[in-house]
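The Ca(2+) binding site annotation in TrEMBL covers Asp16, Trp17, Glu19, Asn21, Glu30. Annotation source TrEMBL lists transmembrane segment at 31-49, 61-81, 93-111, 118-137, 143-160, 172-190, 205-225. Residues annotated as Zn(2+) binding site in TrEMBL: His78, His204, His208.
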Amino acid sequence: MEDGLSSFWGPVTSTDWCEKNYVYSSYIAEFFNTISNVPGILLALIGLVNALRQRFEKRFSVLHISNMILAIGSMIYHSTLQHVQQQGDETPMVWEMLLYFYILYSPDWHYRSTMPTFLFFYGALYAVVHALFRFGFGFKVHYIILCLLCIPRMYKYYIYTKDVSAKRLAKLYVATLLLGSICWLSDRIFCKEISHWHFNPQGHALWHILMGFNSYFANTFLMFCRAQQREWNPKVVYFLGVFPYVKIQKPKSQ
């Protein structure tokens, strides 16, 4: 990659993306890849406020916080392009998927303590191993497998959900995931060609923005499904007519 200004963080030791480094600031290696995480942080904060305000189960507060941590880790990684910071981005990605796995599968798990215990130790072991060894392709394969394990349960929730607005959230989740993946792959595969263009479409930055919305849609859909399981009479309502969130009505005994 062609560099612009001098590097505050030193030579690149992490995976480099298709954005020219240090063009706008000597403190930010990839400017657009860094700031594009801001929407994800704001969306996760909105989800967290809604989860706390309506007293959803703590798992959803933790989920929204993990989304924020992941976005912040991505900002630090892309602003420095250092190997340690890349690990600090990738490890929370795995932890987040383990949390999604728990939220999706725990309602039907008969032995309540076994799943969180296993997932906790699995996540801790992965963090240690990932800190000691440098994964590249292996990390991507591992992450994709975790994502694929969540798909059957998401599909089951979708087909058993009759609410049209909730189904729309699931469709938006799939749409943003597919579109974001196209942006990510295009940025990675066609980087040499893009480097010769007068305008870089910033596919990886678009991936960050789309995945911020993707996580919000997924979390909101899962909150609806969980509220339905708990018989909290959930409804998808829209702030200012465009921004979806879940509103519930708990029985007085709860």
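Backbone N, Cα and C define each Cβ position, glycine as well.
Curation plays no part in TrEMBL annotations; they are all automatic predictions.
Here the candidates are the binding-site residues Asp16, Asn21, Glu30. The one whose C-alpha lies nearest to that of His78 (Zn(2+) binding site) is Glu30.
Highlighted in sequence order, Trp17, Glu19, Glu30, Phe32, Asn33, Thr34, Ser36, Asn37, Ser74, Ala205, Trp207 have their Cβ within 8 Å of the centre of the Cβ atoms of His78, His204, His208, the residues recorded for Zn(2+), and are not part of that set. The Cβ of His208 (Zn(2+) binding site) lies under 8 Å from the Cβ of Asn33, Ser36, Asn37, Pro39, Gly40, Ala71, Ser74, each on the same chain and at least six residues away in sequence. Residues 59-60, 62-63, 66-67, 70, 119, 122-123, 126-127, 130, 142-143, 146-147, 149-150, 153-154, 157, 218, 222, 226, 229 of the same chain sit 6 or more residues outside the transmembrane segment (93-111) yet have a Cβ under 8 Å from a Cβ within it. In this structure, the binding-site residues Asp16, Glu19, Glu30 were compared by how many other Cβ atoms lie within 10 Å of their Cβ, and the smallest count belongs to Asp16. Between the binding-site residues His78, His204, His78 has the most other Cβ atoms inside 10 Å of its own Cβ, all protein chains included. For Asn21 (Ca(2+) binding site), other Cβ atoms within 10 Å of its Cβ number 20.
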